[in-house]
């Protein structure tokens, strides 16, 4: 699928020689283990499994959105609208529930808005050949504007179904997870299957590798491009629902700048921003790395929240540099 | 007759200026006093002057962004540079015993400007030397820079009480607001450097094809490096203006979204994101459109966040009008000789809601 894979003949290399396309993902895994090790060695409370589950509980929505973004970035595109779509979904759900609509109906409506917007953006990107960056930027403005248009203030959710799902704890041994975590993991599995074993997944990698040759090979480039933005929109919508479970409210300024966290997670997870190479598994690791950084900074009471941003920036730098070095060696 | 019309509507500044005029007319209809400008105490006052004054920071950032985009890059970090430069300047001033002394303010400006140049150089090295995609290279500083700004202000809002510093934002010079004079001076400087020397052409050559221009003898890496430094420098001055306007530095919200507004201004002005061409005049009209839009939305008592909805409409309209694929679609549908006027009629309709 990628030149990378062709350059490394499978089965030929000795077992200890890691294929280069796996280097970024393995580096992320190593980083995650090191950070977790630091946490365990520094803080006694860190070693319990609940800490790991909490990372998933606190970042479930981020994980879902990042999975959608992985599809887009694999085709070489970018989707800046996800943070706003997450906010808009949460906002729409909160306000519709506040108006007494049936929760099932609210779920359907909320889950339709994101993909619709994504589909529209994908169509503009494909048919009018405008850069994804600028189209999704407009989508971001649009969705964020819609949030405030719905309500300038935060809208609490008191619906029984919503609070029930949000507060339900599923016991695993001594610890627990929420439904959000299960939903997020389900999304991850479906996405991983789609990318690895379906025709759509193959097309996504092919377009990211080289759109020109994908087109010459007769792959449906346009349809795939529109599909990835629709998928990203759907994931953002699911993320919005999960966020509304998490906060039990919709606020117009929620998830501002989330698209950057999401892109950072995907990059740290080893997906090449030029497209064509990367895994959903890497994205999961990327989200976990961000989550563990936050947990470490919370455990260390003396560090302030802005250190999270600085550390994420530093990690972004390190991983992009790593990608670049791996890329150079490939030549 | 028809050739004059085609030449007029074909001019790249035609649609941006039409949009700007439409916005001004809409404002005047809504509030007839909108266009009045008065001279009080030797200073010009009025809504129009206010719009230009408030758009000065955006014009500066967008100027730097134009050059970056002309090389085929993009600079997402300008908002963070705005926050960092404002934070450094305000922190230095706040720590001095006499905040009103001019040397203190000048030292603060030089210090903050130096920091901004360093940040620009960092971007430049990542893009030009290491060869990282610009959108990602500058994303690093976009994320980390805001953290740095908060680190500098220690998460607080630094409030200062310095007359000379405040002048940068709200003072007057030659009857005009000081910010306008600064923006004008920087514009003229950039225009002179790029359009009166070969620099502009070289920048466009690098944007067109960096490798080809390198083979033709252009030091393309040096040019790429340079535009990121210039972009950061412009953002730093904008940061001074924004913090001076409110006499305080907030690492969290100073310059928030400005990178997006600047990119919009550049795109509205007709510069393609693909690089290879840039139009400073268009960028300035673009920045004015965005500020006028924001001001008019505020004037109509609409929530600032809802203003984003209008921006989205304008962005898509302008991008579609400028997209060759979109134009081609209309040309194909209508009969060839009548094509340009009918296409423009349709486009006119698209822009009215803006």
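Just so it is clear, glycine is given a Cβ too, placed from its N, Cα and C backbone atoms.
From a predicted model like this one, the values you see are computed outputs, not experimental measurements.
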Of A:4-21, A:22-39, the range TrEMBL labels transmembrane segment: A:22-39
Result, the transmembrane segment (A:22-39) in contact with the transmembrane segment (A:253-273) (3+ CB pairs under 8 Å): yes
Range from A:22-39, A:51-74, A:104-128, A:306-326 with the greatest count of C-beta pairs under 8 A to the transmembrane segment (A:226-246): A:104-128
Chain residues outside the transmembrane segment (A:104-128) and at least six past its termini with a C-beta under 8 angstroms from it: 77, 79, 81, 85, 88-89, 92-93, 96-97, 135-136, 139, 142-143, 159, 222, 225-238, 240-241
